[in-house]
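A.B. asks: Shown below is the structure under consideration.
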């Protein structure tokens, strides 16, 4: 089993790495956000990818999500933990709190959201878009560190880069959604197409814009909370890595078999160029 971690720059500054090396990965879907950090700690290998690039150079809609997921698959990752900031719609999720997401509402637009097309049609199930097994393992890691994490909640993926209006924020709150962010989709959907186990650890940084008494989400407030959030997220990541099994267990949620019956185009009709590209992420079924 090899864990891939997608997150911000402070997350990979772990104190107890046995080895670490940045490597460039090329994919059939373009370049990922940055080089990948291949590291070893506690006898386990893992790979880190800065989602926005080192120095936070990319806006959410500028990220090549397909290349990021493909690069992690090429790097041998079997599981992906996504760590990202979010705003909260709920009084029970205050700035500084952590949420393990189990559902998404996707309101992004214009992003490349599938590896399929170009003559090969595929449709994966996203009824349960996060891996329940991996989510529980992250929850267990958090428990061992003593950091409270809510296991289960719905993430509204917005396009950005601007934050919500008050009307939008109140609408999503009334709909019963829990948090809002800009990066989890189509990332989660692409991970499913690549047969990777995927989980999102959302770090609450603000109340979004639904509270009348507050000015709404602002970068200065978010960054002030982020530093402490990242420090605690590193502790969770460290505990997760230390408990990784040597080999990948069969996924009880079926993430590792997501393409079993997903491709509907007969193989004799597959264009060779598309087949070649898909080998990066779907080699088990594409051949």
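Positions of Cβ are set from backbone N, Cα and C atoms, glycine also.
Copied straight from TrEMBL:
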{"type": "BINDING", "residues": "9, 51, 52, 84, 85, 183", "note": "phosphate binding site"}
{"type": "BINDING", "residues": "182, 206, 207, 208", "note": "substrate binding site"}
{"type": "DOMAIN", "residues": "2-242", "note": "domain 'Nucleoside phosphorylase'"}
{"type": "SITE", "residues": "164", "note": "site 'Important for substrate specificity'"}
{"type": "SITE", "residues": "219", "note": "site 'Important for substrate specificity'"}
A.B. asks: By a simple count of other Cβ atoms within 10 Å, which of 85, 219, the recorded positions in the record, is least packed?
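C.D. replies: Selected from the recorded positions 85, 219 on minimum Cβ neighbours within 10 Å: 219.
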A.B. asks: Under a three-state reading of DSSP, tell me whether residue 84 (phosphate binding site) is helix, strand or coil.
C.D. replies: strand
A.B. asks: Among the recorded positions 164, 183, which residue has its Cβ surrounded by the fewest other Cβ atoms within 10 Å?
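C.D. replies: Minimum Cβ neighbour count within 10 Å, taken over the recorded positions 164, 183, occurs at 164.
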A.B. asks: Quick check: of the binding-site residues listed here (51, 52, 84, 85, 183), which one has the Cα closest to that of residue 206 (substrate binding site)?
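C.D. replies: Out of the listed candidates, the nearest Cα belongs to 85.
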A.B. asks: Taking every residue in the domain 'Nucleoside phosphorylase' (2-242), what is their average pLDDT?
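C.D. replies: When the pLDDT values over the domain 'Nucleoside phosphorylase' (2-242) are averaged, the result is 94.
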A.B. asks: For residue 52 (phosphate binding site), which residues of its chain lie six or more apart in sequence with Cβ-Cβ distance below 8 Å?
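C.D. replies: In sequence order, the residues whose Cβ lies under 8 Å from that of residue 52 (phosphate binding site) (at least 6 apart) are 8, 33, 58, 59, 63.
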A.B. asks: In whole Å, note down how far the CA of residue 85 (phosphate binding site) lies from the CA of residue 207 (substrate binding site).
C.D. replies: 12
A.B. asks: With an 8 Å cut-off on Cβ-Cβ distance and a minimum sequence separation of at least 6, pull the same-chain contacts of residue 51 (phosphate binding site), or say none.
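C.D. replies: Residues satisfying the criterion: 6, 7, 8, 33, 58, 63, 68, 82, 84, 183.
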A.B. asks: According to DSSP, which of helix, strand or coil covers residue 206 (substrate binding site)?
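C.D. replies: The three-state answer is strand.
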A.B. asks: Where does residue 219 (site 'Important for substrate specificity') sit in the DSSP three-state scheme?
C.D. replies: helix
A.B. asks: Within 10 Å of the Cβ of residue 208 (substrate binding site), how many other Cβ atoms can you find? Include all protein chains, please.
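C.D. replies: I count 26 other Cβ atoms within 10 Å of it.
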A.B. asks: Spatially, which candidate from the recorded positions 164, 182, 208, 219 is nearest to residue 85 (phosphate binding site), comparing Cα atoms?
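C.D. replies: Out of the listed candidates, the nearest Cα belongs to 182.
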